[in-house]
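J.: Annotations for this protein, taken from TrEMBL, read as follows:
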| type | residues | note |
| --- | --- | --- |
| ACT_SITE | A:Thr180 | active site, nucleophile |
| BINDING | A:Thr146, A:Lys169, A:Thr180, A:Glu260, A:Asn379, A:Ser384 | substrate binding site |
There are 2 protein chains.
Amino acid sequence: MSVTAPLGFRAAGIAAGIKSGDARDLALVVNDGPSRAAAGVFTANRVKAAPVLWSQQVLAGGRVRAVVLNSGGANACTGPLGFQDTHATAEKAAAALDDSAGEIAVCSTGLIGERLPIDALLAGVDVATAQLSRDGGLAAADAIRTTDTVSKISFKRGEGGYMVGGMAKGAGMLAPALATMLCVITTDADVTAEQLDAVLRRATRVTFDRLDSDGCMSTNDTVLLLASGASGVVPDLAEFEKKITEVCADLARQLLVDAEGATKAIAVEVVGAASEEDAVTVGRTVSRSNLLKCAIHGEDPNWGRVLSAVGTTDAVFEPDRLNVAINGVWICRGGAAGDDRSKVDLRPRNVTITVDLSAGPHSATVHTTDLTAAYVHENSAYSS
Amino acid sequence: MSVTAPLGFRAAGIAAGIKSGDARDLALVVNDGPSRAAAGVFTANRVKAAPVLWSQQVLAGGRVRAVVLNSGGANACTGPLGFQDTHATAEKAAAALDDSAGEIAVCSTGLIGERLPIDALLAGVDVATAQLSRDGGLAAADAIRTTDTVSKISFKRGEGGYMVGGMAKGAGMLAPALATMLCVITTDADVTAEQLDAVLRRATRVTFDRLDSDGCMSTNDTVLLLASGASGVVPDLAEFEKKITEVCADLARQLLVDAEGATKAIAVEVVGAASEEDAVTVGRTVSRSNLLKCAIHGEDPNWGRVLSAVGTTDAVFEPDRLNVAINGVWICRGGAAGDDRSKVDLRPRNVTITVDLSAGPHSATVHTTDLTAAYVHENSAYSS
């Protein structure tokens with residue numbers, strides 16, 4: 001299923017020899033139309049990888065015929081030669097598909113600062129083109145994995161029978177805006193590029209943008225949304241946005257669960273905020289407290305570390321009106337100790353930290369993970 | 001030596017029973033004059049502990065007779081009753097010294113969110129008062145330790161023969177502005193409160209404020225500067241500021257070396273910045289990258305993680321003009337791979353990461369540590 005669940009899409013995932021060993025490392029997703037409407041959102045990092053710079057230009061046209069994705073190398077911080085490699089990749093796919101390079105998006109993930117083995121990659125594009133099929137979605141999702149322990153896929157059926165499918169990769173650096181992640185979402189609904197753009201921005205803002213596993217932001221993050229129109233269904237836009245948001249939320253949840261070295265999935269739910277922006281700011285700040293993330297790892301309901309983090313923000317609140325619950329137990333009330341902390345059960349993998357700012361009606365939830373020795377080990381040993 | 005190196009100061013450090021066991025946990029520092037001029041800088045966290053709220057009021061008057069400091073409890077997030085405990089502590093010390101509570105500063109450090117064992121603390125104030133002596137500085141420095149493995153003290157002689165002495169505690173949450181730290185600096189120079197205030201703000205801005213071990217900011221951070229005038233020396237103010245800055249820098253270095261679980265002391269030196277503010281912003285952002293801190297722990301010269309961090313700031317720079325050196329080897333030039341990364345020797349404890357923004361003449365250095373499994377273990381197991 002994955003990106004080939006909707007009509008009009010073919011995909012492939014192959015081992016091109018970009019990674020050492022024989023793991024899959026190259027994916028190709030092709031939109032056979034009739035429409036090629038597309039939208040994308042990209043990392044906010046000012047240091048952008050070559051494929052991001054390229055694909056931003058492609059998406060500016062609102063049309064995408066195909067996406068070439070590789071793991072095994074990010075092609076970031078590689079200078080003008082790195083950009084030429086991305087350009088050559090798009091030209092190669094265009095030639096293989098007898099199409100225009102200006103409608104070929106490129107995504108890369110892996111180690112920063114090293115050139116890609118471009119000969120292997122270009123040869124791989126031909127192999128992948130030859131293997132394109134209507135059931136290639138799973139192989140494509142597999143080919144984009146780096147430290148991901150599992151492939152991430154999702155699909156939903158919309159009203160009137162159109163389909164939405166998606167694949168993603170990412171297992172660390174899940175930070176705003178967007179994780180170290182690549183994500184391709186496809187649909188056979190008939191939707192214009194402008195509509196896709198508006199829907200995708202709103203959907204990512206409340207899903208991928210609210211993941212924050214370690215506060216780090218990648219040079220390569222990309223989310224693409226491609227529409228073939230092959231179902232012939234013109235969806236109700238509100239219903240379509242809901243479906244796209246559901247697929248994004250499902251993929252985001254899978255990314256979080258697979259975050260490097262994590263043993264807890266923590267939802268930081270901020271309520272009583274004066275604005276949604278305040279709620280997101282507080283949620284993000286609490287999510288980034290290494291001390292708190294260690295405490296949750298140790299199953300210690302250390303609400304003092306929550307308040308310490310909240311206090312560093314410029315959100316509207318009074319310190320003596322802050323309330324904090326962990327897994328439903330209000331252990332901090334009015335900025336001081338509340339209910340008995342021994343009532344908090346932190347053994348389950350899912351942890352909810354609720355912060356009540358007592359300052360208004362707005363709320364938001366940011367998702368993070370605990371900080372573990374395994375995270376340190378993985379990120380000390382793996383040059384990524 | 002420590003805070004009793006200058007003339008006019010007595011100190012004591014005793015075990016009052018605030019901590020479990022028989023470790024010292026209460027310190028008293030008394031200024032016998034003739035001057036009582038004093039200045040303080042406090043945490044920027046909006047969630048401030050009761051002793052911070054109290055001492056800010058005391059310091060607003062520019063005069064301090066004595067400082068009571070306790071470990072074993074932060075008296076933060078303890079509500080009105082916690083503030084009453086701090087008030088009672090100041091009143092107790094005032095009575096013991098036959099002085100005014102309005103000139104007694106109070107500092108606390110330890111677990112957030114729990115009331116102090118106030119009866120033990122108040123009894124301890126009497127014991128400490130009875131033990132005050134001209135050589136009590138070391139015992140006082142010992143009494144304020146929490147997870148610190150060693151006491152932190154410093155002293156310098158100024159021109160004309162005046163002395164500066166200091167003690168500090170802090171071993172984690174070293175973040176702006178100020179670490180989870182308490183610091184008392186004393187001098188027998190004859191300086192006004194206004195002069196002390198200006199000097200202390202400038203000195204802490206370039207020392208304690210540029211430590212960032214884990215990005216977390218405490219509710220209790222306090223740096224106090226007390227002048228007895230007992231040497232009779234009226235110092236040159238520029239020379240005096242230099243001495244105070246040296247003592248702050250020395251104590252800051254000791255805090256960093258003792259940071260929880262660290263195996264590397266990392267100096268992030270930002271040069272070529274368009275402004276000092278840009279340099280500090282970039283230094284702080286690089287210092288907070290968990291991914292980079294893990295890489296340095298693993299002795300991996302991962303300059304891509306440096307660029308990823310730089311790219312998240314709003315500092316003035318062009319991605320293709322960034323240069324990065326690690327321990328003197330320019331492994332990134334012009335935003336891409338530079339000299340051979342195998343030439344970087346990351347075995348020494350001290351690591352220097354130099355980021356050249358190629359955007360101007362300004363520079364700043366921020367100090368941090370690596371992220372280790374030991375950090376995770378210490379902060380998972382210790383409710384602090």
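Cβ atoms are placed via backbone N, Cα and C, with glycine included.
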J.: Least buried of the binding-site residues A:Thr146, A:Asn379, going by other Cβ atoms within 10 Å?
T.: A:Thr146
J.: Need the DSSP three-state call for A:Lys169 (substrate binding site) to compare against my parser.
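T.: Going by the DSSP assignment, A:Lys169 (substrate binding site) falls within a strand, counted as strand.
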J.: Binding-site residues A:Thr146, A:Lys169, A:Glu260, A:Asn379: which sit with Cβ under 8 Å of a chain B Cβ?
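T.: Among the binding-site residues A:Thr146, A:Lys169, A:Glu260, A:Asn379, the ones whose Cβ sits under 8 Å from a Cβ of chain B are A:Asn379.
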J.: Among A:Lys169, A:Glu260, all listed as binding-site residues, which has the most CB atoms within 10 Å of its CB?
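T.: That would be A:Lys169, with the most Cβ atoms nearby.
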